């Protein structure tokens, strides 16, 4: 309240920003007459001079130079747009362009021309000579926007490319990313980054830099999708019958008897009775014994699948598959799967074929991907409600841009009914009234299920209408475009065709414009504002109103008891409603509660991902060093050899051979043979002094003799490729271990420990272990490299060629599947008796190798404690 009063007196922070930008608008407008007089060639030459000026300065001074040339750049871009696109940027669009250039979020209402606004900042920032990425929510918008704006960019001397899911050829993607301006979806940009860090050549990496990105519908991408990481994964063996058995057990359990449901936190708590029933049905004496951990996990997921996730709301079943419905956009999330076995639990619930669980091979969140950019900005019609999150997570400030024409839409108070049936009856009556007079109406629903309920009611009343939900997503743009026609009735879920304008005829404007009916408040005010924003574009008339009931999820779970109390006191009859600002405010307060819960959830996830992200950056940086032909890989191998030998000798009783027992010398001899393929005589070890120097020189000479047939280029390539494979495999194993750590870390809270602190500690120790494992495995592998003919370098070339072919084939596989089905094949012939970290330990303990002898050493011999 106090903040609002101060804002009215001295102006808000947003007002002050707009005031500053308006001064620059005057400078840009003053240049317009000059550029209007120029010929096309003169205009293009003037723009080229600006490019030269920006590129002539040091990189750290380029941002400052961009600000200096901004008025000329914007004025030329506007003039070029007038000539090429027949569209002139309004003053408010110039302000939007400046906001984007400053690395902020421009909040611009629907129909204000965000696509055209972006051209100002894109054309300016592309002067630096690094690709500018324009990020959209789907392939349709990426293709549409790039094709519409390409003639303007070409006039200014820029090349334009579009990355979509249909571009599958590596060379074609590489060519597109070489363009000055690249349009694409957030998914494509993110997956390409992950793929780049699985490539075995710097030349094959498509994303050369992360200089500047403009994210369209920034709230959808950076807020709504922030909880969903991008993952490239491979299959993991699991017993498929466990999913079906867990589903049977879950279906036999009773709510409030065997388990309780916490709707607010979307969790299920099993009671003592439920545990006993599950143990009886599974045939185990203790569900929570370590050997039954998989069963208890499957049961947890089966209960969630059966009692927290609902068909036509959270997912649909199509073509014998469970397909996720995005809760914020209402779109189908094709190719995306719930993690931790939940998707398999849903498949068991619906009786469709169960697909294997997967192991993460590479992953990143949108939060950490977009935070890599030197400069990031965004556009949307709805950002202010999430301004705090944008600032805290992305360091992005939100600037609300004034509309070019005043908004004429009327936003009416909510109408609240006692039951859902009464609410829908009232909605149908209103639709009939509007349809009879010819005023178009767009009805927003929160789920596919509700949209189809409304569809059935309208069909019963014989009111012609069109339904837009995830099941009809292919016609999205066409359906939304026609929603403003006279007499049109359109039912839409949250997807509501973002990025597609609903244009009105003069006749429809006379009838009052597009009428928006919301049949339920979403958990986020922003989604409601997006629905409202479909009406009243560019000064058009329009109306919006929400119809609610006490049975709506938001009011039932989070709503204030005050609303229920008011309705009970009023003694409303069937079909009657209440309408008041007090009630509307109470509903918005409920939404704020949920928004805060989601924000804390996203922030919490980011805190965990930040730990992995620092490790990811270190690994990817080292990976790039290995890909660099100038990197001294031989020095790295020598360093690893020293480290590995230090690990061996640190376990010996003494460094002087005179104090080593015969058993220890024999153990050392065996280790050198088995792990490093080095044959030494026992008597040579007995004579050697100091022994560590003798062993180090032996390993080095064996390796040098093996590699001497190769020229320096061949040797460097083989060493880099083998090291990369070791690094990649170890990183994948590390991600698997980190996934397992994250899954169980919250249990530390029961021991009065902060799970996040514990996660940071353990993940750091795991990372140190990873680095050590890589060094030891690298020197072991290099020691075992064997060529069929060590005097013939062509043998090494064949290995390199075969490796390149395997990698090329594999890259196509994971581009289609977003998964790798097999481990990489080593590019050289190697042999090893050392098991992989996740294989059973050869000592017979039944544990994984990494949890047994990899840590403690063999039970007998050299590494005995």
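Cβ atoms are placed via backbone N, Cα and C, with glycine included.
Annotated ATP binding site per Swiss-Prot: 93, 111, 112, 113, 114, 115, 501, in sequence order, evidence recorded as sequence analysis. The Zn(2+) binding site annotation in Swiss-Prot covers 841, 843, 852, 853.
Locations of recorded Swiss-Prot features on the structure.
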residue : record           : Cβ within 10 Å
93      : ATP binding site : 27
111     : ATP binding site : 21
112     : ATP binding site : 23
113     : ATP binding site : 18
114     : ATP binding site : 24
115     : ATP binding site : 18
501     : ATP binding site : 15
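Considering only the residues assigned to ATP binding, 93, 111, 112, 113, 114, 115, 501, the longest pairwise Cα distance works out to 17 Å. Excluding 93, 111, 112, 113, 114, 115, 501 themselves, the residues of that chain whose CB lies within 8 A of the CB mean position for the ATP site are, in sequence, 108, 110, 116, 117. When secondary structure is read from DSSP and collapsed to three states, residue 111 (ATP binding site) falls in the coil class. In the three-state DSSP classification, residue 93 (ATP binding site) falls within a helix.
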